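Only one structure is covered here, and it is reproduced in the block below.
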Amino acid sequence: MWLLSTAELKLEYFSGPEAVPDGYAALSHVWIGEEQSFQDIQRLIARGVSLEDKRVSDKIRSACRVARENGFKWIWIDTCCIDKMSSAELSEAINSMFRWYALASICYAYLHDVSATYRRDIFGSSQWFTRGWTLQELIAPRFLLFMSSDWTPLGTKALLAEDIQGITGIDAEVLTFSRDVMAVSVARRMSWASRRRTTRPEDEAYCLMGIFGINMATLYGEGREAFRRLQEEIMKSSSDQSLFAWGETFGPEVMAHAALVRDAQEAANFLFAPSPAEFRNAADISPISPGKAVKLASACCSIPPSEARMAREMAVTSYGVRCHLVLVNVEGELYRLAVLACQDSSGHGVGLVLRLRQSSDESLPQYYVGASFSDGLPSPRSPAGVLERRKHRVHRLMTIQPDMLPILSMLNQVHAGRPGHLSRAFSASGESREMYIMHRPPHIAHPWMRLYASEPKGFFVPDWIEVAPSRYGFQCTRKHRFSGNPNEPLLLTFWHPKRNESFEIKLGRCASIPLWATVAILPASIGHRYAAYTSARHPVAGVPVKVPDGTAPPPPNPLPFSSPQFILPLQPPPPSGSLQFRTPQLDGSVYPPAAGPTKGSAAFLTPQVNMTGMTGSPQLAPSGAPCSTYHISTWKNASYCFGDHDRTIQLTFTRWPSADSYCLEFQLRGRVYEQMLLENQRRDGTLANGGYSQNPSVNVTDASTDSSKRGLRWSLAGMQELS
């Protein structure tokens, strides 16, 4: 270890804390901005700079002065006494840091935001008590002296132990060394770190290694995997099952006010916690013997003596954590309760709710942890149009007492599709069984893949959506919801003023939340209508729609549907002076063209998708296709082509700007649209050498100068313009 001299600007290397003659001091502090590093001090030493020079930071000069006045020749400061350019030295320092603080003769805790006058409220609000690394720096030293912003002593941790216990939750007995920190339950030690933060996510684990007596490799870049590795090492060295007693606890109100999610795989559905914050409410969980745990469970359910066996040993395998626990069954085997060898502050046993993995081998059953419930409905206080994320709230723990066990029965009933009822008339039994519990999410190469697990709940229409059709001469004339009702479909209408053609895109949802989209194309002449939308032009089952470049995807299922059939309307002539689109009459005549299209019940006919629910037989659209045909989730790569050889509109949806929204993209192709593009380019003088793109696509750079996420959001709460 490197130590800094308190008499002159000099760094000296010692083989360990025991090799320092007469001991050394240590400094604990909060990093503020760019602290002077090991390399910075080395450069100042090479220039012959003295310790009192102003080029040495005030913090280092003051710490050396205070240590020197207390008779110490050497001081250890983490900012400048670790060569962080050496990964080996950095790893050694992190693994040895608890020991270095513990063996220091004195540790100064510098509180830069606390004045010299001690006040408990100001003292407790210091940033020093919110950082992850200062947790071990509070527990490890045998003599810790708090210093104010002007380096005035405020008191030792022994003197202020009761106040510190109220601030941090750390037992005063641990602070005064009346109790070994290793004798405290794993859950309680984790709770001490639950409200602290670190700059790097890996440090959430690395700063706790000394408190749990763990040594492991430091791999910056692994993110939250470091904390899962820490829990694996704790499980290997300790039989304390309070390590798994984190997260939400079940109560009767859960089943009454939330909807069960059957196949969720959130971070809380696995055995190991993703961060120390999950242990926020676990401070009162304490370990007990397996025999006592089975005895507490036997008071609530029938456990034969031959089944009252629990093994302390657990092992991490590629199939999950192998363990031997007592499982409590209540009217079903999908959801079970695993008895943990720990209890809460009231002396009740604690169980872990398990959900059987359906694809697991029956001889080697695998379980997820907890029951997941939807917890993301729009808040009444949310502004209209804000897309609310539907989160899954996972309840993992259950107090083992008679009035709680019927919840297991309800879970199994609801999952089986039967209405769940909280009843005391149930049968519960326990059995000892070996099982495998999924301990961490599977590795996925791309981080976005986990976000695709659930279907989006709304649409996002970007500003640049009008760029591509404008190249063909189309103008966006309408962008609204029907009747202003947020549950009604979103309508986008595009009109070509010179050719008097238009098309309409509808975006909507069914009651079960699958999102759907349709396109209706209205050519200019009645001849084109008959040619484009007679049954002869519709693709037969299993035959994809062909477009010029041959890239159009096939229909999502073998249905004789390409785009909604146009049905000729029968309506009276328009009133004088009103604006009407060229609506065909049965005799083949049309009204004179107007300045722009208006929406009429006969101008566009799109599938009438059931908006209130899908029960019984599938809802049929006018063309005879079931409602599920329009569900985006059934489309290959979320893309589908509407139209024919002359006019093809391909809709494609991307998860953007969040995983909970579908971003609309579309492309125009086909013989007629290519002619429009050619004419428009010639008219605008953008056609070079008589060539043009066969497959024009939306280019974001051609849209608004604001390339951020501007557009229209549409969800259960409605739609609004983003700023």
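Cβ atoms here come from the backbone N, Cα and C positions, even for glycine.
Copied from TrEMBL, the annotated features are:
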| type | residues | note |
| --- | --- | --- |
| DOMAIN | 24-118 | domain 'Heterokaryon incompatibility' |
| DOMAIN | 226-332 | domain 'DUF8212' |
| REGION | 687-706 | region 'Disordered' |
| COMPBIAS | 691-706 | compositional bias 'Polar residues' |
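When averaged over the domain 'Heterokaryon incompatibility' (24-118), pLDDT in the model lands at 94. Residues of the domain 'Heterokaryon incompatibility' (24-118) grouped by DSSP class, helix first, strand second and coil last, total 37 helix, 13 strand, 45 coil. For the domain 'DUF8212' (226-332), residue counts in helix, strand and coil come to 41 helix, 22 strand, 44 coil, using DSSP.
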